[in-house]
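I have placed the structure first, in the form of structure tokens, so that the comments after it can refer back to it.
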Amino acid sequence: MVSRRLIFSAAGYGDSAVFVLNCFAVIPLADVLCRATDDAASFLGETAGALLNVTMGNTTELAIFHALLQRQYTIVRTSLLGSIIVNMLFVLGLSILVGETQMRGQSYNIFATRVAAGLLCFTTVSLLLPSTIKTSPEPALQKRDILALSRGTSIVLIVVYFIYLWTQMKSRKFSYKPLTEHDEGLIDPEKEESIELSGGSSVPWVRKAIPVVLILLSTCLISISGELLVSSTDHFVDHSPISKTMVGLIILPIVGNAAELISGIMLAYRKQMDLAFAVCIGSAIQMALFVAPLVVLLGWGMGREMSLHFSMFEAITLVASTVLFFTLVFDDRCSGLKGAFLLAGYTIISLASYFIPDTEHRSSFT
């Protein structure tokens, strides 16, 4: 890390420029990762392919783990929260609007969406419970109890996530794939058949290897950019009107979820709104049920006092986002108005994060 920063300094770039340049550098890398993942997913089938898209899309969240290593706890906390919100509101809302320009009233799997909405409500409550308890007037004892509850909750959430994955793989009803050949906005049956045939033995191994190589290379470069982003955050915040809270809650999640944004827009533009929902909602669920708990458990193993103790503003933001998402997607039809509401909600949260000073955000992990 030091050698790379020296190279940037020698080239005449300050830490603020390093931060901005790496924000833009992640976007084309995410596009390469997205396209390579799409190619690899075509050999796996719809459910496994959607899971691969979601998982590799969250690769850009490696900046969170670099922040954990550097004890940037505010960045870790707000980035986890922001990644959930950006997929629920911004990525999904923009995908719906793009889809409406191609076909009005596209449908999606209502059963899978209701299960996902219920999971997000359950996860919201689980993530916020450690922030509500007060077990002792002694700060040290209070901190110990919150850490214990957070770690126990994290284990439960990860178990629930794997149960959810197993249910998706086994049940056609609760996964994002066509229920009938007459469903609107889904993959055409002829296209679906060609996708399944593409996974046969007739596909050359070289064609299968190229996406894997691109995925590995783009992941390594994204990891380097994420490390540089985190290491230059303090200097950027000190020399700009933007708070660390906004960097973690808004800027890094948008950059980190560029792959989901590109993938969701591409799928919506192709009139595959069902799969666009799979990418957007699936990524939010993976962040909430797997990545956030995993960060807490990794922090435990690394001796970092990571917890699920969010500030009042962060808690209200997560609850409001979940309620807005829940109420707008509880039927099986898209509309431009729904997309506009989701984007408007995210815009208000972005404005609020700009005006919330870091001094009002105590470190919840220390």
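Using N, Cα and C of the backbone, Cβ positions are placed for all residues, glycine too.
Where the annotation comes from TrEMBL, it is an automatic prediction and has not been curated.
Since the structure is predicted, the reported quantities are computational estimates derived from the model, not experimental observations.
Per TrEMBL, the feature domain 'Sodium/calcium exchanger membrane region' maps to 17-169 (among others).
Using DSSP to sort the residues of the domain 'Sodium/calcium exchanger membrane region' (212-354) gives these counts of helix, strand and coil: 116 helix, 1 strand, 26 coil. What TrEMBL records for 212-354 (among others) is domain 'Sodium/calcium exchanger membrane region'.
Per TrEMBL, transmembrane segment is recorded for 7-30 (among others).
TrEMBL lists 80-99 (among others) with the feature transmembrane segment.
Under the heading transmembrane segment, TrEMBL lists 111-129 (among others). Within the same chain, residues 84, 88, 149, 153, 156-157, 160, 164, 167-168, 173-176, 179, 277-278, 281-282, 284-285, 288-289, 292, 308, 310, 315, 318-319, 322, 325-326, 329-330, 332 sit at least 6 positions outside the transmembrane segment (111-129) and bring their C-beta atoms closer than 8 Å to a C-beta of that stretch.
If you look up TrEMBL, you'll see 149-167 (among others) marked as transmembrane segment. Tertiary proximity for the transmembrane segment (149-167) is limited to same-chain residues at least six positions away from its ends with a CB under 8 Å from its CB atoms, namely 51, 115, 119, 122-123, 126-127, 129-130, 133, 174, 285-286, 288-290, 292-294, 296-297, 300, 306-309.
Sequence annotations record features per position, and here TrEMBL assigns transmembrane segment to 209-226 (among others).
Taken from TrEMBL, the feature transmembrane segment covers 246-268 (among others).
Marked as transmembrane segment by TrEMBL: 275-302 (among others).
Residues or ranges marked as transmembrane segment in TrEMBL: 308-330 (among others). Using a Cβ-Cβ cut-off under 8 Å and counting only residues 6 or more beyond its ends in the same chain, the transmembrane segment (308-330) has close neighbours at 77-78, 81, 84-85, 88-89, 92, 113-114, 117, 120-121, 124, 127-131, 146, 149-150, 153-154, 249, 277, 292, 296, 338, 341-342, 345-346, 349, 352-353, 356, 360-362, 364-365.
Long-range Cβ contacts of the transmembrane segment (337-356) within its own chain (Cβ-Cβ under 8 Å, at least 6 residues beyond either end) map to 85-86, 88-90, 92-97, 100, 242-243, 245-246, 249-250, 313, 317, 320-321, 324-325, 328-329. The transmembrane segment feature in TrEMBL is assigned to 337-356 (among others).
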